[in-house]
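> Sharing a structure, written as structure tokens. Questions coming.
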Amino acid sequence: MQRVNMIMAESPGLITICLLGYLLSAECTVFLDHENANKILNRPKRYNSGKLEEFVQGNLERECMEEKCSFEEAREVFENTERTTEFWKQYVDGDQCESNPCLNGGSCKDDINSYECWCPFGFEGKNCELDVTCNIKNGRCEQFCKNSADNKVVCSCTEGYRLAENQKSCEPAVPFPCGRVSVSQTSKLTRAETVFPDVDYVNSTEAETILDNITQSTQSFNDFTRVVGGEDAKPGQFPWQVVLNGKVDAFCGGSIVNEKWIVTAAHCVDTGVKITVVAGEHNIEETEHTEQKRNVIRIIPHHNYNAAINKYNHDIALLELDEPLVLNSYVTPICIADKEYTNIFLKFGSGYVSGWGRVFHKGRSALVLQYLRVPLVDRATCLRSTKFTIYNNMFCAGFHEGGRDSCQGDSGGPHVTEVEGTSFLTGIISWGEECAMKGKYGIYTKVSRYVNWIKEKTKLT
């Protein structure tokens, strides 16, 4: 050992030469080849830009991808507040529009922890899920709905009403508006369904052609004169109802159009017979001090009505009164919509009929006004139920099992459909085979075919 130390001390150069020789002889690779060197130097990206590629500028990756940045730091990169805001909405919580939440063709705009749907015409709601065109639920209008030129839903009301503040509902604009029951104790009605169904508002005009289920031109059946199986109405419950007196009292009914005009069935009236109209009537054998009597000074049957050919085709007529009626809670007009909506209301499927006709076939007449709710009968069933002609200006209503119907003496009276508490005239009681017979239905004049004629003839000057 001492010898080694002596050699190292005396010959340091010799030791250095030996160490260099050892290192040069060692098999050690210091440098990597080209392919392996690239694997180390090319680190993986830590952010997949996706939809944000258009925003990647300057030092965005260094500022906001390698570490969390602030809005101000992102603003320094974009140098534009609008583009920074768009980037920031996705950077903070991701793209809220990625799941396509907007329905019915709506476009989505991302926001922080939220999104906004821009809806096309006819749709609204958080996700454009609500269809608000007139075709669906009447555009949420209480009475009438139209699509304006700029594709917006516009609600409107019948005469005597105005739009409420919400621009959807209708409120009375006159003391005694049409179709409203204003006597408080008469509010108990089994109301028809008033929610607008999803209906086709375009196909509301059918051609007036005969549905050829028969070839017979003359008919042998009963004029309706009474509601069978109905209930006693309360005073003022049907304030548009009138009774016609002539050679016989209460031979037909009718409805108040306005202070000067009554609408009834054409087969009820004869131009050579004096007719008296009584409005505000309830019990025809008692004086209740609500009655108003007027004489008829003019009868206008529909111009297509011809009793010699068919007593019940175009079965509608107008009666002009000598003095105007005084409107009150017991004397109120019935509402008459336009052709389109009268047809729509009829399709609701249920209406009220009323009158003082016979309580059963060939039986006694009613003393107190009767009323009955009757369902609309589909046209195919209606045609199969009778051998007589059912024209397109007629419709059937009633019960297959029988027992409830209008009957002799009810003719000319109203078939009304209630819409959100307001009643509209949809039919006129016309004819039927006996009364309340099983498998038979009441036949009514379809008012939608005649509303333009009614309004033209009954204008108040």
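Keep in mind that glycine also has a Cβ here, set from the backbone N, Cα and C atoms.
Here the structure is a predicted model, which means the values were calculated and not measured.
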> Disulfide partner of CYS119 per Swiss-Prot: which of CYS108, CYS128?
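Between CYS119 and the options CYS108, CYS128, Swiss-Prot records the bond with CYS128.
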> Which residue, out of the recorded positions GLN96, SER99, SER107, ASN283, shows the minimum number of other Cβ atoms inside 10 Å of its Cβ in this structure?
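Checked GLN96, SER99, SER107, ASN283; of these recorded positions, fewest Cβ neighbours within 10 Å: SER99.
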> Please report how many Å separate the Cα atom of CYS141 (disulfide bond) from that of ASN283 (Ca(2+) 8 binding site), as a whole number.
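Cα-Cα distance, CYS141 (disulfide bond) to ASN283 (Ca(2+) 8 binding site): 38 Å.
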> At 10 angstroms around each C-beta, which of the recorded positions GLU86, ASP111 has the fewest other C-beta atoms nearby?
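Each of the recorded positions GLU86, ASP111 was scored by Cβ atoms within 10 Å; lowest is ASP111.
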> Taking the centroid of the Cβ atoms of GLU281, ASN283, GLU286, GLU288, GLU291 as the Ca(2+) 8 site, which other residues of that chain lie with their Cβ within 8 Å of it, listed in sequence order?
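Those within range, site residues removed, are PRO235, GLY280, HIS282, ILE284, GLU285, THR287, THR290.
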> Provide, as an integer number of angstrom, the distance between the C-alpha atoms of CYS64 (disulfide bond) and ASP111 (Ca(2+) 7 binding site).
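CYS64 (disulfide bond) to ASP111 (Ca(2+) 7 binding site), Cα-Cα distance: 19 Å.
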> List only the single closest residue to CYS157 (disulfide bond), chosen from the binding-site residues GLN96, ASP110, GLU286 by CA-CA distance.
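The smallest Cα gap between CYS157 (disulfide bond) and any of the binding-site residues is with GLU286.
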